[in-house]
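One structure is given here, and the rest of the page talks about it.
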Amino acid sequence: MAQNPKPRSIIESLGEEIVRIITPVSICMFSVVILVSILNNSESSSASITSVATIAYSEDSSDSFWDKFEGALLNSLVFVAVVTVVTFILVLLFYLRCTSFLKYYMGFSAFLVLGFMGGEIGLFLNQYFSVPVDCVTFLLVLFNFTVVGVLAVFMSKMAIFVTQGYLVVIGMLVAYWFTLLPEWTTWMLLVAMSLYDLAAVLLPGGPLRLLVELAMARDEDIPALVYEARPVLASDLSPRENVIPRRLWREPRSGDSTLNENMTTRSNVVPNVNAVSRLESSQTVGSIVNAEEGQGSRGISELTAPLIEHRINVQMHLAQQAVETENLVLEGIGLGSSGAIKLGLGDFIFYSVLVGRAAMYDFMTVYACYLAIIAGLGITLVLLAFYQKALPALPVSVLLGVLFYLLTRLLLEVFVVQCSVNLIMF
Amino acid sequence: MTVAAGIGYALIALGPALALFTALISTKPFLILTLVSSTLLWLITLIVLSALWRAFLPFQATQFGWSYFILILTCIVFQEAVRFLLWTAYRKLEHVLNDFADRVSKPRLYLTDKMQIALAGGLGHGLAHGVFFCLSLLTPAFGPATFYVQKCSQMPFFLVSAMIALAFVIIHTFSMVIAFKGFAEQNKVDQLFVPIVHLVAGMLTLVNLASGGCMIGIPMLYLVALATLIYCGKMVFRSLTEVQSSQGNSW
């Protein structure tokens, strides 16, 4: 409105990092919802998979309420127990400095997820849309896709957009497989994983806390698959440089525990970090971090750090039982060396599982759960900036999401349908 | 309803909102966050209202007219109360933002910024309405047939609800701008305009209960939306020209 170019207002740049992390989370959730609504219509929902999460109890729709509840509870307890054990193994391996082993394992996991899971979903989509493609072409394209994906998460020299895209795809594929679990088991699993996350991060003996403390004591990065948002080049606002790295580490099991690692524990390296809040400019901190971490290569090595995970291998040969090992994606919210937010892939996966499950009921629950998860993510980030200590990222979002799912399904839907069908709106 | 028709209905209801989003809001991350939080807030109001009314639903056929009247009345009163609370929260946010701007030596909030934040908040309200009242009913209905309502049999139900949703999106979006301006300037006319318009719009949808009522109800609803739009436009134009001529902040 002014004739002369007025200086940019603060609302044009405030909150940019948050939007840059919300966008890929939303894309991942959206893709899982689309996949679920396309693929679950065409096949029967009873084709559930046998996996670690269902060894205790196989859900049957004819069971009574309490049977299902107890069965689901049992399943989730088993799952959480397995995840705990695996995380402790992870801590042990990390302690013994087997980082290259972890690194290669992570690359191998990425290969399996993209190759096999991606391939199977590709086959389903081919079937559904009757795409005219022959086996050789399909195999070739899939193989190339997979190899580029492994390189993208492995190597740091890729364009950041490609890496981000592949991470979102990996999260999407793993999340889709999790939505194939029976319903009660999925919900109990989500709640159990959030509670486990809470415990593993906050309790003194928790495995994630140990892992983070080890990493900080050695000043190394935990090998993990993390999504790093494109760093905001703050020309006028340098708050981006504030590094309050929080890493939420998930356990190996579809992104369980998230651990917020407070950069303050790295205080021997970056002394000024503690006092800096997100919104304040701290050029000095930024420069210290950049100097210490190099030209972002550190951030890249964080990105390519091996992912410690259980792999979920689902063999879809109908003759055999599908055996699942979980793919653990370490997840975390943190700030990379360039100041951009990093979010672990396990967060992506669990959020998408929640929304995918909501999509199996109705899209109204999808919208409500989506809003709840984004709100939870925002709250977690605010809490992190406030408390400046390790906090788990999963509980707030997942518990809010489950709450909104129940409220919408039980209360809102009846109300809205009643009003809408009579064309009464306000 | 085919997928193409479904997408068409969705765009009828939310097309202008999408245009507003792309043009105004998508470039400013803060407005995106405002939009999302506003949508969440209005979803929460809808959930609270549904919790209140759950025990009475579904309505029996005998109580039709009056029960809906009371329903709409309570819902609108509640939503207007929430709007006022939103205003008080926004006031605090404005102080925080201005302090932050001072700290990083950037200009304080311009008048256009404040109006854009109000617009984003209103768009969140409209979006919540459109998504939950119209969009969420579209998706289960994909398939070979469509659905007609007895009382409004000229068009498929989805088309009618999309049109009503469009009118409400417009009303909600611009009411927020008017309301915030009214609260800021302590202007009684503006402050009362918004609840009255909301109430009138809600009551107009009651006309849809009569057989064939939607032929009257929907055009009148669009008249109300148009009135809101014009009123908001005049108000904004007036305040912008005032600022330009006096170089002062009127908020």
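Cβ atoms are placed via backbone N, Cα and C, with glycine included.
What TrEMBL says about a protein is an automatic prediction, not a curated fact.
Taken verbatim from TrEMBL:
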type	residues	note
TRANSMEM	A:21-39	transmembrane segment
TRANSMEM	A:72-96	transmembrane segment
TRANSMEM	A:108-130	transmembrane segment
TRANSMEM	A:136-154	transmembrane segment
TRANSMEM	A:159-178	transmembrane segment
TRANSMEM	A:184-203	transmembrane segment
TRANSMEM	A:367-387	transmembrane segment
TRANSMEM	A:393-417	transmembrane segment
Considering only Cβ pairs within less than 8 angstroms, which of the stretches A:136-154, A:184-203, A:367-387 has the most against the transmembrane segment (A:393-417)?
A:367-387
Same-chain residues at least 6 beyond the ends of the transmembrane segment (A:21-39) whose Cβ lies under 8 Å from its Cβ atoms:
121, 124-125, 128, 164, 167-168, 171-172, 175-176, 179, 227, 229, 333, 341, 343, 347-348, 351-353, 355-356, 359-360, 366, 370, 373-374, 377
Establish whether the number of Cβ pairs under 8 Å between the transmembrane segment (A:184-203) and the transmembrane segment (A:136-154) reaches at least three, counting only pairs separated by 6 or more residues.
no
In contact by Cβ distance (the transmembrane segment (A:72-96), the transmembrane segment (A:108-130); 3 or more pairs under 8 Å):
no
